[in-house]
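Student: Dropping a structure here in structure tokens format, bear with me for questions.
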């Protein structure tokens, strides 16, 4: 009543005074969900890099210092024994390092730039492994590599995405068949029912991302163990070194400290090189798919963290605004809560604007705000009708928006709505 009896200037000053805490509260800290997820992931990656640097520095730094000490003692002993100055010896070693970069080794190795060696090289280029044991040294080779890698890497990434799409589809079909079999054996489905009708009884079922991650992880372990069992006797590596090589290669890290199929001759050389090619191809595809499925789990963790942070922020803002009170005590009835088209808004739906938030909180709004919100609602409805008429309606339900999987690019777009955790119906 005091608000209605007050002058327009007084009401304007009170309205301005009441808006200040809101702008200083959650509205000033509001960040788009996708941007918040991106920033949170960037911070976590930086923390992860710092922790990894600290661990590797503590583990590898003493070994590096011991290696430098042994090498300096070796240089001094060699210089004293053969009466060669350290400067001349350093110049010789630099020439040897240049020879190593060109592919010259003390041990007998196969030629680097024959057809089979060049094929191995372009395979490491387009797969982004990049061991580094073979690099072009001519200007023409470096220029050709830039354009060749640009097209080859893009095509290989597309191949990996298509492989991911098919492996998830295959796993979904197999897991759905296993689920139907379990339902039939448990007596929930009659034994004489046809397979098509049984499949139609689970129209919305999708495999869980955790089951797919477990299957891909076990597949990667099996492939790595089998490949290591082949590399250990053929290359003469320790089994742990072979496992290390498999992970570095399959994940396309490609340090180049261990490289397979580089000796001049092998027993059953053709068979070994074919097996090496198949192991690397299947391992890279499997690890790529596993990484993308793990990224879904990481995205779920980020969504959970953002939800917790949002709840904490809202609790603080509600405690701060509890002392401010409301501008009036009049509660709008059902007539004020209904929109222009007679539809009652969902109380669980997040407020799309400050006007909508004030309307649902029981505060009076101006006619300009009311007409503006109705214009926005009308524009959204016209857009939805236009998309439906053109045959490509874009429907995003609230659950998918909360899960953060309503869209995606590349591998995330492929896995969208194919797993239980990325489905719109979840």
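Every residue, even glycine, has its Cβ placed from backbone N, Cα and C.
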Student: For the feature transmembrane segment as recorded in TrEMBL, pick the matching range from 118-139, 184-205, 294-315.
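Tutor: Here TrEMBL associates transmembrane segment with the stretch 118-139.
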Student: Between the candidate ranges 61-81, 82-102, 271-291, where does TrEMBL place the transmembrane segment annotation?
Tutor: 271-291
Student: For the feature transmembrane segment as recorded in TrEMBL, pick the matching range from 209-231, 324-346.
Tutor: 209-231
Student: Identify the transmembrane segment range according to TrEMBL, selecting from 7-29, 237-259.
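Tutor: When 7-29, 237-259 are checked in TrEMBL, transmembrane segment belongs to 237-259.
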Student: Which of these ranges is annotated transmembrane segment in TrEMBL: 145-174, 355-384?
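Tutor: That would be 145-174, per the transmembrane segment entry in TrEMBL.
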Student: Sequence-remote contacts (6 or more beyond its ends) of the transmembrane segment (271-291), Cβ cut-off under 8 Å?
Tutor: 116, 123, 127, 129, 160, 163-164, 167-168, 213, 216-217, 219-220, 223-224, 226-227, 230, 234, 246-247, 249-252, 260-261
Student: Where among 38-59, 145-174, 209-231, 237-259 do we find the most Cβ pairs under 8 Å to the transmembrane segment (118-139)?
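Tutor: Stretch with the highest Cβ contact count: 237-259.
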Student: Looking only at the domain 'Potassium channel' (219-299), what are its DSSP counts of helix, strand and coil residues?
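Tutor: Its residues fall into 60 helix, 1 strand, 20 coil.
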